[in-house]
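These notes are about the structure you will find just below.
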Amino acid sequence: MAINAQEISALIKKQIENFQPNFDVTETGIVTYIGDGIARARGLDNAMSGELLEFENGAYGMAQNLESNDVGIIILGDFSAIREGDVVKRTGKIMEVPVGEALIGRVVNPLGQPVDGLGDIETTGFRPVETPAPGVMQRKSVSEPLQTGLKAIDALVPIGRGQRELIIGDRQTGKTSVAIDAILNQKGQDMICIYVAIGQKESTVRTQVETLRRYGALDYTIVVTASASQPSPLLFIAPYAGVAMAEEFMYQGKHVLIVYDDLSKQAVAYRELSLLLRRPPGREAYPGDVFYLHSRLLERSAKVSDDLGGGSITALPFIETQAGDISAYIATNVISITDGQIFLQENLFNSGIRPAIDAGSSVSRVGGSAQIKAMKKVAGTLRLDLASYRELEAFTQFGSDLDAATQAKLNRGRRTVEILKQPLHKPLPVEKQVVILYALTHGFLDDVPVDDILAFEEALYDYFDVHYDNLFETIRTTKDLPEEADLDAAIKAFKDQSNFK
């Protein structure tokens, strides 16, 4: 068989022309330091800020400090298997978390991995943990109410869908209870809730999850947890992971309530990371960008325009104070970012007034426009009445004689305080709140002994459920008060047949 040189030449040329280079070019570096959730690597000259980096053992990190000689990396997850001299490579991606309906009812870590032992989560979508907040023209003003089921909040400091309302107070003043009750009250309200537990004890998170499950709230709730035993990078990233999951629903036109419990611990974790990365410390040793840490998170909560689906994210961030000091650094930062704050006071809590909301220091800057008409009418003067009662109460401790008008104000004030108390995990529908506040502001409780107020309230609801459910239905459907004569007659009929004279 003769060898044809021309055929061989043509074959080689054809193969050269069809050659597809199949190289996997990645930039790699060498780990020079590892410890406390932080790594430093040399050789990643083109790494981008916030880029996801992969270590040779499969662990991931995020580039935070881009310095002339090396890159400071925060490690997402366990860092015990990483050693100096290990290879770390760029991925060209930023950190993303799984999002979607499959997460609802599950407990996940900030990376979106399940930690509830109920198997894998089949999600198809991913969202970056850091995304720009909606711009001014992409937003709508807050106009729809978010009912928490707590009389003291819905009447005095109303919250609207798309609002950011800070819950601030010392430890053990009932901050988490307020948020859990708000989540329980969203049952049947077409809301998705996300509870982000940052730096909590695992036993505490387990208790909250069981509470949500017991009341059927886990059916519409995602729990994201970065417990106190986990490395600081996970505590730092947890709120951003939570809001990324929320944004997926918001841009589908759905409404989301997200609770950050609490941002004080996230700030402490970020301070720890910043100091380990050798960033210059500022006030209280926090880095200079700690304000931006929280502002870029909370600005992602919004009521978006109809062009973007008209969805919303309502945020309830928590801040823990020391001895009621709301003028501390992180507290004042978050107060200035949010649309109002609910201040919980330890002395009110200890004296049995729960939820322990200080009406004088609490404010809702945009929620008033979202309040339903009925609530506006019955609760309009409630805050001022409560403030003047507190002032008079302090004054009367000096034992001076009181005129009839002052005595009447004190009597009404005592009953107001009693009405605003509420048992744990028993949120009230708005129509019931309106009826009892109407009874209070129109003097129907003035002759009821203070000790009987809560019993009166329960009996009134039961009586209305049986005999005057049409009045509840009117408030539910029209969002306005029924005819005052009808309400007056109904409450009077209840009082006439009851023992509360």
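Placed from the backbone N, Cα and C atoms, the Cβ positions cover glycine too.
Quick look at what Swiss-Prot annotates:
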- Gly169, Asp170, Arg171, Gln172, Thr173, Gly174, Lys175, Thr176: ATP binding site (BINDING)
- Ser362: site 'Required for activity' (SITE)
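Contacts of Gly174 (ATP binding site) defined by a Cβ separation under 8 A and a same-chain sequence distance of 6+ are given as Leu344, Phe349, Arg354, Pro355, Ala356, in order along the sequence. Minimal Cβ crowding within 10 Å, among the binding-site residues Arg171, Lys175, is found at Arg171. Between the CA atoms of Gly169 (ATP binding site) and Ser362 (site 'Required for activity') there is a gap of 11 Å, rounded to the nearest whole number.
Taking all protein chains in view, 12 other C-beta atoms sit within 10 angstroms of the C-beta of Gln172 (ATP binding site). For the recorded positions given as Thr173, Ser362, the lowest number of other CB atoms within 10 Å of the residue's CB is seen at Ser362. Each residue contributes its Cα atom, and for Lys175 (ATP binding site) and Ser362 (site 'Required for activity') these two points are 14 Å apart. For the binding-site residues shown (Gly169, Asp170, Thr176), fewest C-beta neighbours within 10 angstroms: Asp170. A strand conformation is recorded for Gly169 (ATP binding site) in the three-state DSSP classification. Using the Cβ center of Gly169, Asp170, Arg171, Gln172, Thr173, Gly174, Lys175, Thr176 for ATP, the list of other same-chain residues with Cβ within 8 Å runs, in sequence order, Glu320, Leu344, Glu346, Phe349, Ala356. Here the Cα atom of Thr173 (ATP binding site) is found 15 Å from that of Ser362 (site 'Required for activity'). For the pair Arg171 (ATP binding site) and Ser362 (site 'Required for activity'), the C-alpha distance works out to 17 angstrom. Cα separation, Asp170 (ATP binding site) to Ser362 (site 'Required for activity'), rounded: 15 Å. Between the CA atoms of Ser362 (site 'Required for activity') and Thr176 (ATP binding site) there is a gap of 17 Å.
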